[in-house]
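The domain 'Plant heme peroxidase family profile' annotation in TrEMBL covers 34-280. Residues annotated as Ca(2+) 1 binding site in TrEMBL: GLU41. Under the heading disulfide bond, TrEMBL lists CYS74-CYS276, CYS153-CYS185. Annotated substrate binding site per TrEMBL: PRO116, in sequence order. The heme b binding site annotation in TrEMBL covers HIS146. Residues or ranges marked as Ca(2+) 2 binding site by TrEMBL: THR147, ASP198, THR201, ASP206.
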Amino acid sequence: MLCRLILELAAASLDFISTIALLMGVMDQFCWTNTDTILSEKEALGNNNSARGYDVVGNIKSALENACPGIVSCADILAVASKESVSLAGGPEWDVPLGRRDSLTANRTLANENLPGPQSTLEILKFRFSVVGLDTNDLVALSGAHTFGRAQCRTFKDRLYDFNSTGVPDETLNTTLLSTLRTICPQTGNDSTITNLDQTTPDEFDNAYYSNLQVEKGLLQSDQVLFSTPDADTAPIVNNFSNNQDAFFDSFVTSMIRMGNLSPLTGTAGEIRLNCSLVNSDILRLKSDSLVSSI
């Protein structure tokens with residue numbers, strides 16, 4: 001059953017990867033549901049209508065609670081599910097250090113400050129990664145998670161019609177891809193329409209993402225700047241990963257492990273949540289309120 005649930009998560013969990021890195025290493029925080037006292041990081045600007053798979057994470061958690069209640073944290077579920085999803089899509093395998101605990105708080109303000117957006121420049125990307133302890137190689141390697149997943153038109157539409165309010169398309173966008181994307185995302189169309197981040201091999205975890213950048217076929221501005229920014233120190237890394245998939249896989253594994261170890265809660269810190277959407281105290285409060293209202 002758990003294998004089936006992880007398979008279901010495969011198409012969604014890689015959308016989490018680039019956001020997980022910048023949430024202080026507490027990998028469950030963006031699963032929050034809003035409560036009277038907590039604003040969900042799920043609805044932070046970099047996550048809202050972007051990261052998917054919450055329902056499948058919940059199903060995995062329910063199955064684990066039935067089998068071994070109070071043992072496996074939501075943070076560890078996300079870490080393992082991300083690893084299995086990469087592997088199932090043809091990517092590398094690695095050992096996931098376990099023992100994380102779930103947070104008792106969330107910080108939407110900090111998430112909004114730290115999460116890079118789809119229009120981020122290379123300078124902003126490097127800064128956002130550096131403040132949490134990740135370097136330039138981590139940035140390029142983890143961006144390779146966009147070999148998989150989808151993006152809404154709203155995240156790149158300005159590149160098609162009015163880049164940086166210039167009235168013309170982004171000159172670093174391949175003209176053939178531009179025509180294709182204009183068909184998918186007409187100027188007055190539905191901004192929530194989705195398309196593949198990797199137009200070449202959208203359902204495989206491989207190094208095609210980097211080859212796409214070399215021919216200006218990165219979907220998001222925050223992707224293409226890794227290669228097209230003048231004198232970018234990220235461009236040689238892109239070239240290396242495009243030419244050598246093993247080098248990309250090795251760096252991706254290293255960066256994923258580093259990312260997963262960003263200030264994790266362990267020992268007696270935090271808690272093991274019973275439901276990934278709520279802290280345990282809120283679950284008890286809701287049960288109590290329900291009991292009182294039924295009397």
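Placed from the backbone N, Cα and C atoms, the Cβ positions cover glycine too.
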List the other residues in this chain whose Cβ sits within 8 Å of the Cβ centroid of the Ca(2+) 2 site residues THR147, ASP198, THR201, ASP206, in sequence order.
PHE148, THR200, PRO202, GLU204, PHE205, ASN207, ALA208, TYR209
I need the nearest neighbour of THR201 (Ca(2+) 2 binding site) among the recorded positions CYS74, PRO116, CYS185, using C-alpha distances.
CYS185
Looking only at Cβ atoms, how many others are within 10 Å of the one on ASP206 (Ca(2+) 2 binding site)?
19
When the Cα of HIS146 (heme b binding site) is compared with the Cα of each of the recorded positions PRO116, ASP198, CYS276, which one is closest?
ASP198
Using DSSP reduced to three states, classify THR147 (Ca(2+) 2 binding site) as helix, strand or coil.
helix
Express the distance between the Cα positions of CYS185 (disulfide bond) and ASP198 (Ca(2+) 2 binding site) as a whole number of Å.
16
